[in-house]
Amino acid sequence: MAKWLIIIALLVLITIVSVYCQEDEELKPSVETDDKNSDDWIVELDDSVYQSFVEKNRVSLVEFYAPWCGHCKALEPEYSSAAKILAEDNISLGKIDGTKYSDFARSHDIQGYPTMFVYLNGNKIEYDGPRTSQGIVDHMRKIADPNYKPPEESVITLTDSNFDAILESESLILVEFYAPWCGHCKKLKPEYERAARRLLQMSVPIKLAKVDATVEKELASKFEIKGYPTLKIFRNGGKKVQPYKGPRDENGIVSYMKEMQKSPSKIIHSREQLRKQIRDEIPTIVGLFDTSSDSSFLDLFLDVAYDQFDESNHFVHIENVKLIEDLKLKPNSLLLFTPLWFRNKYEPNKFKLELDQSTTLDQVKQFITKHSIPLVGFRTGQTYSLYADKFPLIVVYFDVDFGFDNRKQTQLVLSHVQKAASHFKGKGYYFIIAREQDNEQELTDLRLDDSGEDVNVAYFHNSRKRYAMTPTDEFNAEKIIEFVKQVENNEISPIIRSAPTPMVNPVKNLWTVVGDTFEKLVINAEKDSLVEFYAPWCGHCKSLEPIYKELAEKFEVESNVIQIMKIDATVNDYPEQFDVKGFPTLYYVRANDPLHPISYEGERTLDDLTKFVHENLHQAKDEL
């Protein structure tokens, strides 16, 4: 009997040890077998084992991913390969589905996918290394080295007490005003830090700094910080301030700040040099200065040039008084030359502004803004910002080519446009030409992509309301004038951008709306609507998708009074009362008041969305 008891006890002990080992293996991949699938080297985590995983391993790397994320899919084989190699170094790699454990992802401030964190002795460090297998391996081995010390932050932290002192010592510095809770600030943080590290290594270093605007409220007020992050460039010991208008990624910040280190204006020494500097496609602003007695006018000019350094203007200046006199020009004045390609008989080729002690920075900027846009401009990537908010805008699309072989034909079409533009001069219209090959999507939206004509014309009342001129093989100024008058007299209908109308809706009570059906299904509906404006590439929209489907199914029993709808706002037009500035945007539309939709500002959870719909649905019933 005792013998059997001993055998049973041994079997129980073996079972316990086996179970313990299996539990341990769930958190740490084995390194003893070589025939595993690559994914087996990565620990799949959930919110219940995450903390034990990072505490158990001295060094680990965790990826927050989304199943739909393209960057995550591209990273997957590299991450798996790195996991297999690093297992031999006792460095564990894990991953967690941020869409499945969304609350847990939010607690880690996940703003996009993939986001990776390194854990060193339980301390979290945001991963900012390469995303190739060998790059991940090298980066993690460096961190695992017992002598490793995390690099000091390259971005300087500014407060009210050190702000002036630090800026006074810098000829050029970039400052970010941020809020700790701001999602865009969190996204910028690693890019900003990497850019700061690179810019400090230049022969003439450029420093990057940051201010917590929620703490340093006086600084935020002084520099009129209205949103986060706000970036400002400070020059000359902080005496000159200008907005940062560049990209917000590492390479973009580095390139932009390198440009900011250069002079924004080229100095001219001869008549011939000036002639060569007059640009064909953008305005040229020439400053004429006598700096022997007073340099303040040159300083003012350079301030303006710095402020518009990334705009569609070219700045040069002359400090040689004799050259200025030889040119029969007057010192301490500005000349703005219109682009050579766009000169015409309907407007001057140059404009002049004389400077005196009362001239302000804003006056110079207003002079440049007023005359930088010719009677007919040329919209390119370089000049796009000039026309981004200019309406009504008439665009003439054709094969614009100022090369020697095709310049004559281009100038012929341009002359017709200039003649038409002169008819509306002074009435607030903007006319431009544009290359059809650079605007294929715009032409598709206008339904002019298959017009069969060499020249097509569109009228933009605003960014969403557009009209197309009926294609004609008799293109001339009179046709453009007639078209503009037809639009203004409401004689033709706007073109509605629309995706094809879907034949079926795969989810019950979730309806896909397009531009052609929006008015019928939403505005003229006999029941209330909840409409999601989304973008196919938007991560937040994809996270909302399963919740929104569940919401639609939940309200199926009330589908006689409420319909759940969605529209791809990137390819469909919708009425102007729907102000969509980001994705996803949701509006509740009451059947009895469709012109005043109600914006949803709550959390994107099923409970909160359900509450929002019920509140508005019941209120609408009460009003009846």
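Cβ atoms are placed via backbone N, Cα and C, with glycine included.
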Cys185, Cys538 - which one TrEMBL pairs with Cys541 by disulfide: Cys538
Cys182 (disulfide bond) versus Cys541 (disulfide bond) - Cα distance in angstrom: 19
Set of same-chain residues at least 6 away whose C-beta sits under 8 angstroms from Cys182 (disulfide bond): Tyr228, Pro229
C-alpha spacing of Cys185 (disulfide bond) relative to Cys538 (disulfide bond), in angstrom: 18
Mean of the pLDDT scores, which run from 0 to 100, over the domain 'Thioredoxin' (144-262): 93
Fewest-neighbour residue among disulfide-bonded residues, criterion Cβ within 10 Å, set Cys185, Cys538, Cys541: Cys538
